[in-house]
Amino acid sequence: MGGLITPRIIYFMGFLDLLGVSLILPLILPVVNSLGASHITAGCITSLYGAIQLLSSPLAGWWSDGMGRRPVLLVCLLATAMSYVMLGASSSLLIIVIARVIAGVFKHSQTMCRAVLVDITLVQDRSHVFGTFNATSSMGFIVGPMLGVLCWVFIPEKASDQRRVEAKKTPASQPRQSRSFIHDIEWSIFWDVFLVRFFLSFSSLVYRSNFSLLVKENFGASPRVIGYLISFQGIISATAGFLTGRVSKLYQNSSQELFHSSILLCFALLGLTIAPSLPFLLMCLVPLCISTAVIRVSSTAVTIGRCKPSQVGSITGFGQSIASVARMITPLVAGAAQQASLYGPGLIGTLSAAIGATFAGYVSREVKLKEL
């Protein structure tokens with residue numbers, strides 16, 4: 001596969017993938033509401049995707065470890081495309097729910113692309129490659145919402161041959177293996193980095209869940225200003241993604257890089273929470289975007305560094321499911337926190353980031369002790 005697929009192809013696939021997501025995602029709730037759904041129903045439909053991803057992400061990764069990246073990626077792309085067609089042509093809530101279920105089961109192209117990048121790049125180049133992939137994918141989120149709004153307004157594999165042969169010889173054992181592969185994960189090796197990924201994902205998501213409403217209520221920002229702020233975050237995140245490779249080369253230690261970026265995230269969220277003015281908030285968004293971009297790369301590098309080659313897909317998929325858990329519960333937590341206090345989501349996010357930074361410090365310390 002490495003001779004046929006280059007990182008640039010994967011970068012372009014990541015861009016197109018998130019471009020497609022961002023074309024549709026901002027319009028799901030308006031369409032659902034236009035079909036007469038209540039806010040609770042709309043929230044359930046939104047959470048449905050994350051709930052399904054919680055189970056399907058590690059399964060897709062395990063499948064790609066055994067059957068190869070290319071066929072799994074192809075199936076995921078075709079099924080996801082079908083779900084998008086269903087969403088675009090839907091005129092009932094039932095079709096929308098079915099489309100979101102299909103997307104929840106098969107929308108693993110980002111996970112598969114990262115697994116392919118692991119297969120075709122050298123260890124010392126992975127941080128740079130992951131950073132570039134995240135940056136080019138994020139550019140899809142910058143372009144996509146604008147194109148989606150325009151449409152709304154103007155238009156009424158890496159698996160060895162031996163493993164493949166073994167998989168074909170034992171089809172009856174596959175369901176049992178797919179149910180038990182989670183038990184095969186060596187939790188004593190991954191528990192700390194999984195906790196880091198959960199708390200850091202939760203911290204940024206809980207703040208961003210109600211970002212538009214927070215900025216509107218706290219600073220009286222218009223929809224136009226809110227749109228500028230969101231685009232600004234996308235630009236900073238994309239730029240930071242391109243620079244994460246240089247940061248990793250400077251550190252030469254992914255665990256220490258993860259620890260320091262976690263601390264930066266903690267202070268950024270604290271600054272955003274107590275921001276007295278819109279310019280101060282804008283200034284704090286910069287370290288928020290930079291830290292999250294670096295955390296995505298360094299946490300992935302730490303996780304993959306502990307993986308066996310035959311488990312890269314399943315471990316990467318399980319790591320993605322951790323983010324799905326955070327994504328599933330943050331809307332509820334953020335809504336309840338903001339109802340209690342305007343500063344609630346930011347304070348909870350800061351606390352979660354502090355817990356994540358504590359675990360990241362533990363990870364960094366353990367690595368140093370092993371190197372002694």
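Placed from the backbone N, Cα and C atoms, the Cβ positions cover glycine too.
Over in TrEMBL, the protein carries these features:
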- 6-372: domain 'Major facilitator superfamily (MFS) profile' (DOMAIN)
- 9-28: transmembrane segment (TRANSMEM)
- 40-60: transmembrane segment (TRANSMEM)
- 72-102: transmembrane segment (TRANSMEM)
- 135-155: transmembrane segment (TRANSMEM)
- 185-205: transmembrane segment (TRANSMEM)
- 225-245: transmembrane segment (TRANSMEM)
- 257-274: transmembrane segment (TRANSMEM)
- 343-363: transmembrane segment (TRANSMEM)
Contacting positions for the transmembrane segment (225-245) when only residues 6+ beyond its ends and CB under 8 Å are counted: 127-136, 138-139, 141-142, 145, 211-212, 215-216, 278, 282, 285-286, 288-290, 292-294, 297
For the transmembrane segment (185-205), which stretch among 9-28, 72-102, 257-274, 343-363 has the most Cβ pairs under 8 A? 343-363
Give, as a single whole number between 0 and 100, the mean pLDDT over the domain 'Major facilitator superfamily (MFS) profile' (6-372). 79
Do the transmembrane segment (257-274) and the transmembrane segment (343-363) share at least 3 Cβ pairs under 8 Å, sequence separation 6 or more? yes
